[in-house]
Structure formats: C-alpha cells, structure tokens
Amino acid sequence: MKANQTVLKEFILVGFSSYPHVRTFLFVLFFGLYLLTLTGNLAILGLTWADRSLHTPMYLFLRALSFSETCYTLTIIPKMLADLLTEKRSISVPGCGLQMYFFLGLGGTHCIILTLMGYDRFLAICHPLRYPLLMTNVVCGQLVVSAWAGGFLISVTETALIFGGSFCTPNLIHHFFCHMRAVVRLSCLDSDLTELLVTMISVSGLTGTFLLIVTTYVFILSTVFRIPSAEGKQKAFSTCASHLTVVIVHFGFAAIVYLKPEGSGGDDTLIAVPYTVITPFLSPLIFSLRNRDMKNAFRKLLAKRSFWNT
C-alpha cells in the first residue's frame, strides 16, 4: 500500500505548466490546428452525405472515421486549450474517468475503422467481381457498429481496472489529459500490475489491428503487381494511397506513445502532442487532398452554390 491514502475528489493536470513562457503560443497553435481539424472532418462528413455518388462503403467508412475523430478531439483538446489559459488545471475524479473512457474508446474505434477500411480495399482489389455482394452498405453499417462496440468494450475494461480502487496524494497527473499510465500511478494499491495489464491491452489492440492492415496490404500488393497495365496498377494504388498514409501516421505516432519503454527519457506531455493534435489534423487533410472523388464532390458543391447565387 502507498502512503498518504485519502479520498481524492479531483486531480491536477500538470500539463504544459513546465513551459510557462510558451503557453500563449501553444494555445494559438493548438487552437488553429483544432479549428482546421474540425473544418476538415465536418467537410468530409458534409460532402459524403450530400453527394450521392459518395454513398458507397468506402466513403461510409470514411464518414465513420471522420465522425469518430471529431468526437475523439472533443474529449481532449477543448479542456487542454482551457487549461493553457488558466492556473487552475483541475479535473474531478469522475470527470477524469469519463475523459479516459471516451478517449480510449474512440481511439480503439478509430484503429478498428482503419482496419475495416483496409479490408474494404482488399475486397475491392482482390475480389472485384464479388465485392458488390460482399461489401454492401448494410454490411458496412454493421461493421462500423461492431467497431464502436469493440473500441468501447476495450475502453470500459481498461477504465474499470484503473478506477476500480482509490487514489493517493499527491494528486498530480503529469500530463495534459487523463492518460492511463499517468493516472494508474496514483493508485493507492500497487499499480505495477494494473499498469502492466492496461498497457498490454492497449499494445495488443494497436499491434493486432496494425498487423491485420499489413496482412491485407500484402494481399493487395500481390494482386496489384499481377495487373498487366501500368494504368491499372496506378489506379489500384491511388485508391489505397490516402488510407495507407493515414495508417502510417496514426500507428507511427501511437507506437511512440504506447510502446515507449519506461525510463527511456523524454517528456510524455510533448510526446503525446503528435498523437492527440497532429494526427487528427493530418487525417482529413490527407483524405481530402489525395482523393479525386472528394475534390470533385467539392467542386460540384461550389458549382451548385454559384448557380443558385446567380
């Protein structure tokens, strides 16, 4: 048992207090990135809803991804921005539990949807004749619901493990949000086993979904290389480019956060910024700029608006 047992009602988020001279700059930077992230995801949601040509499984998955990412950023960034402007950076224990629950659940959902998008591309390229039968909009909807259920099943397990006991003073979370490793270390009980369990669950989820995506791309590449024409190969690669880029960015930054060994040095607060701020900003940007259908849908929307305004 740890010393200083007490019933804590709130935690203090240390966050960026170690960088007092750049907090205003960080607020402006993160607020700008957050607005751009929201704009990008809302644009994808609007375009994939308004343009009937985008009512296909590929873009239904993209819509689900943008929605989960919008919710994901809402759980972290507004609180972080508010804390950058105030000296009182507290969060109640139940509020911390809810933030962790939604952060982990939406993060898990995000990984599963990225995996499903890879599976969708695998069916479209490796089994093009059977694709319309195997991947209907109904099946796509069922898979998205399963992704949300799977993500939050993992989340409720990890959150219950961490918040199942009481917490001891000092109540300082050395992070800008309720990161599971930072919170579990405040447990009054021996936290090593709990930390090991929740870390193993997160790492297993990340590596499992990543390996599934890698497996699908092994089959995709083997099929693409057998396509005789260069134009056919380029078309096949173009449908996967955006997804593959986002997968590399997402899992790359996640690996830095969750696979960083203990005692390896580095500020956990700064290390988490790319995963929580930069990745959500890049994702809609990549899917919008590298996708011809999305750009065409945006042009059609602008043309309609200009037509009605004349």
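Each residue, glycine too, has its Cβ placed from N, Cα and C.
Those TrEMBL annotations? Automatic predictions, nothing curated.
Under the heading domain 'G-protein coupled receptors family 1 profile', TrEMBL lists 40-249. Per TrEMBL, the feature transmembrane segment maps to 25-48, 60-78, 98-119, 131-154, 196-224, 236-259, 271-289.
Within the same chain, residues 30, 34, 37-38, 41-42, 44-45, 48-49, 99, 102-103, 106-107, 109-110, 113-114, 116-117, 120, 137, 140-141, 144, 147-148, 176-177, 276-277, 280, 283-284, 287 sit at least 6 positions outside the transmembrane segment (60-78) and bring their C-beta atoms closer than 8 Å to a C-beta of that stretch. With a cut-off of 8 Å on Cβ pairs spaced 6 or more residues apart, the transmembrane segment (25-48) and the transmembrane segment (271-289) reach 3 or more such pairs and are scored as touching. Sequence-distant contacts of the transmembrane segment (271-289), counting only residues of its own chain at least 6 positions beyond either end whose CB sits under 8 Å from a CB of the stretch, comprise 30, 33-34, 36-37, 40-41, 43-44, 62, 65-66, 69, 72-73, 76-77, 175-177, 179, 242, 245-246, 249-250, 253-254, 256-257, 260, 295, 298. As a quick check, the transmembrane segment (236-259) and the transmembrane segment (131-154) miss the bar of 3 or more Cβ pairs under 8 A, pairs 6 or more apart, so the two do not touch.
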